[in-house]
Amino acid sequence: MAEGQPQPAAQPQPQQPILQCQKVSDIIRSFRPTKAFRGPKQDTSNYVTSLDFDDQGDYLVASGDDETIQVFDIKEGKSTKSVPSKKYGAHLARFTHHSRQVLHASTKVDDSLRLLDLHNEGYIRYFQGHTDKVTSLALSPGSDSFISCSKDDTVAIWDLGSRNAQGKLKLATPYLVAFDPSASVIAIASQSTASVLLYDLRNYDKAPFSSFDLAPYEERYTPSTRGRGWTRLEFSNDGKHLLVGTDYHGHFILDAFEGAVKAFLVGKAGSPGRAAPVSTTGKPLGQGDACFSPDGRYVIGGSGDHSDMLVWDLQQSPPEPNGLLQPMTRLSHRGRTAIVEYNPRYNMIASADKETVFWLPEDPSRSSEK
């Protein structure tokens with residue numbers, strides 16, 4: 001049935017409201033948690049470790065430390081598949097450009113990447129080359145290329161069609177990576193050197209064409225976690241900003257061209273309880289607790305060890321004189337937000353800690369009835 005058409009009277013109403021596509025600025029304050037899903041085992045000791053939407057925004061994939069990969073149908077509002085990965089574990093599950101294929105990192109036995117066919121629940125290909133845990137995985141928005149970072153201090157460039165790496169970079173703690181929206185630039189965050197390096201993907205074996213030094217900003221904003229707290233690297237969809245998410249104090253927003261820190265997003269209350277890539281604490285894995293909205297204007301993130309989800313408006317000007325940007329609103333929630341992703345096509349958010357939560361904008365007609 002075409003989206004937006006009325007349901008025939010004889011049919012039951014769908015559990016999940018039809019997804020709307022209003023401007024983000026019109027609905028950002030009205031998001032509410034609408035559904036929560038526990039893992040297949042219903043075990044309260046397990047954590048979700050990654051979330052990712054497919055290109056069309058129709059499906060969500062979650063990996064967990066219960067060694068399963070779970071797939072959700074967004075329009076139906078339900079879990080449709082759970083694939084065990086007991087032998088190798090699973091983390092950083094990512095859809096390819098085909099919503100029936102998921103790429104993921106291993107958490108035990110070896111450090112290879114694995115391409116899973118969701119239809120027959122078998123593996124299409126293994127990508128071997130890393131000799132320590134993979135810490136970040138990014139798929140090109142424009143091709144079947146993807147990039148992985150590892151604790152072995154290498155960044156590997158791959159193609160889904162070949163099990164061998166197309167190229168490798170050896171860097172100091174290059175634990176986070178992101179593609180820009182044009183798919184021609186990759187950013188690599190080196191935590192120990194407090195720098196973000198920009199490479200031309202076609203000339204990745206050459207020196208970076210730009211290097212952003214965050215050491216002075218770490219000294220100013222995150223002195224107690226210098227060198228160890230970065231958890232997320234992401235370009236905004238308009239390519240103008242870079243998000244460097246941190247585990248504890250807040251998040252850096254960089255000008256993606258100049259590297260200047262435009263704002264430091266504050267309001268978090270401590271850590272969400274996940275291990276940053278450099279961590280050896282044994283905390284559950286994660287992928288950072290903040291992300292951009294699709295229009296690039298907002299950052300949505302967790303509130304550390306508190307509940308509620310925070311929203312920062314990057315157009316809110318000016319930030320405080322010291323560069324701090326306070327949340328524009330808090331979205332009520334009973335649980336902790338350790339991972340968050342905004343659907344690329346619909347106004348829908350997924351967050352997770354021990355369970356996966358779907359968020360939708362509140363229906364204005366419903367709120368006016370209260």
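Cβ coordinates come from backbone N, Cα and C, glycine included.
What TrEMBL annotates here:
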- 41-82: repeat 'WD' (REPEAT)
- 127-168: repeat 'WD' (REPEAT)
(request) Would you mind giving the whole-number mean pLDDT across the repeat 'WD' (127-168)? (result) 97
(message) Please list the DSSP helix, strand and coil residue counts for the repeat 'WD' (41-82).
(response) 0 helix, 23 strand, 19 coil
